[in-house]
Every structure is written in structure tokens, then in C-alpha cells.
Amino acid sequence: MESKSSSSSLPLFALFNFFLISFCRWVSSTRIFLSRFVPLLQHHQRVFDKKNNKDQQETLTKQEDDDDDDDDDDDDDDDDIDISREEAEMVMRSLGLFYNDDQLQEQYSAKEVSSLFEEKEASLEEVKQAFDVFDENKDGFIDAIELQRVLTILGFKQGSYLDNCLVMIRSLDGNKDGKIDFNEFVKFMETSFY
């Protein structure tokens, strides 16, 4: 009888594993997607600077305009273009990311922004942030309802059924309390990704 219940929870564990991996890949793709905004923000800064120097632009000859266009192509590799605090706030708000005012610098160089999106091993703090995405009521546990909420938000139909979520929780629940605590979550993350 036990082998039957463990074999029926195996596909659900695999499903949960798939959902979690998909979620992490989504986060990674979002980071990569956002890294593509750096050139856009650089271009925006150039356009803004050009508008402020309108008088100077009017005095340029056609030859100088062509040279400037060529120089703009060369400037793509330069790190001298900054992103303002307001631009960083706008991007973070549009992504639904929250921040404290003291966490943001007045300006960021293109190199600093680019380094935010480099691939690196997840730190314990990043794993905690991922755990907090699931732990809506902040009680230190992920229960089936919280898991269901996240999987539904991510668009997984199987996650919309509470019974499926209960089976997923049971498959990871080492102490059999019906919830996943942070240590169980870390253990799952270590076995899934490392």
C-alpha cells in the first residue's frame, strides 16, 4: 500500500519540481530580458542629452551629423553613460519590485547595471527571497494554499487544484507537519539545482 502511495506522489513531485524549475527559469529569463534594456536606457539618455543641447545641434553641419551617428555606434561599448535614480525607480516599479529609498544610488553606470544580470549561483538570501514569494502570510511555512496561489499566478493549471498542491507538499515535507519550512525548501533547492 505504501509503495502505491509513494509511486502516485512521484509524478506530482516531478510536477512540482517542473513548476519550481520553470519559475526559476522565468526569473532568470526576466533578468536576461531586463539586461537588454541597458542599450535602450543608454539611447534614451543620449536623446535626452541631445534635446538639452538643442542650440548646439542646430549649428552642426551635415558632415558632423554623419560623424556623430558613427560615434554613437562606437559609444555602445563605453561605460560613461549613466542611468539616473528616477529611471531605475521607473523600471523597478514597472516590474513590481519594491525598494527602500536608501537602497538606490543617484546614478548607475552601464557597467553596474550590466553586472546585475550576470549568471551566478544563488545565495542563501536569494533562496530566502524565493521562499518568501511562496510564503504569503510570512509565517515561515509554505502550505498548500500558498503553493496553489503561486502556481495559479504562474498559470499552471495543475496547481489550481488544492489536492495536487497537498501531494506536492507531502512529497517535500520531511517532518510531516503538512507544510514546507525554510530548511525543507533549501534542501529541495539544493537537490534540484546543484
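Glycine residues also receive a Cβ, built from the backbone N, Cα and C atoms like all the rest.
Swiss-Prot has this to say about the protein:
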{"type": "COMPBIAS", "residues": "52-63", "note": "compositional bias 'Basic and acidic residues'"}
{"type": "REGION", "residues": "52-81", "note": "region 'Disordered'"}
{"type": "COMPBIAS", "residues": "64-81", "note": "compositional bias 'Acidic residues'"}
{"type": "DOMAIN", "residues": "76-98", "note": "domain 'EF-hand 1'"}
{"type": "DOMAIN", "residues": "122-157", "note": "domain 'EF-hand 2'"}
{"type": "BINDING", "residues": "Asp135, Asn137, Asp139, Glu146", "note": "Ca(2+) 1 binding site"}
{"type": "DOMAIN", "residues": "160-194", "note": "domain 'EF-hand 3'"}
{"type": "BINDING", "residues": "Asp173, Asn175, Asp177, Lys179, Glu184", "note": "Ca(2+) 2 binding site"}
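Positions of Swiss-Prot features highlighted on the structure.
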residue: Asp135; record: Ca(2+) 1 binding site; DSSP class: coil
residue: Glu146; record: Ca(2+) 1 binding site; DSSP class: helix
residue: Asp173; record: Ca(2+) 2 binding site; DSSP class: coil
residue: Lys179; record: Ca(2+) 2 binding site; DSSP class: coil
residue: Glu184; record: Ca(2+) 2 binding site; DSSP class: helix
Cα separation, Glu146 (Ca(2+) 1 binding site) to Asp173 (Ca(2+) 2 binding site) (Å, whole number): 15
Helix, strand and coil residues within the domain 'EF-hand 2' (122-157) as assigned by DSSP: 22 helix, 2 strand, 12 coil
Among Asp177, Lys179, Glu184, which are recorded as binding-site residues, the nearest neighbour of Asp139 (Ca(2+) 1 binding site) by Cα: Lys179
Other CB atoms within 10 A, centred on Asp135 (Ca(2+) 1 binding site): 22
Lys179 (Ca(2+) 2 binding site) and Asp135 (Ca(2+) 1 binding site), Cα-Cα, nearest whole angstrom: 11
Rounded Cα-Cα span from Asp177 (Ca(2+) 2 binding site) to Glu146 (Ca(2+) 1 binding site), Å: 15
Check: same-chain CB within 8 A of Ca(2+) 2 site center, minus Asp173, Asn175, Asp177, Lys179, Glu184: Phe141, Ile169, Leu172, Gly174, Lys176, Gly178, Ile180, Asp181
Which listed residue (Asp139, Glu146) has most other Cβ within 10 Å, given these are binding-site residues: Glu146
Cβ neighbour count within 10 Å of Asn175 (Ca(2+) 2 binding site): 10
Protein Cβ atoms within 10 Å of Asp177 (Ca(2+) 2 binding site), excluding its own: 12
Neighbouring C-beta atoms (10 Å sphere around the C-beta of Lys179 (Ca(2+) 2 binding site)): 19
Cβ neighbour count within 10 Å of Asp173 (Ca(2+) 2 binding site): 17
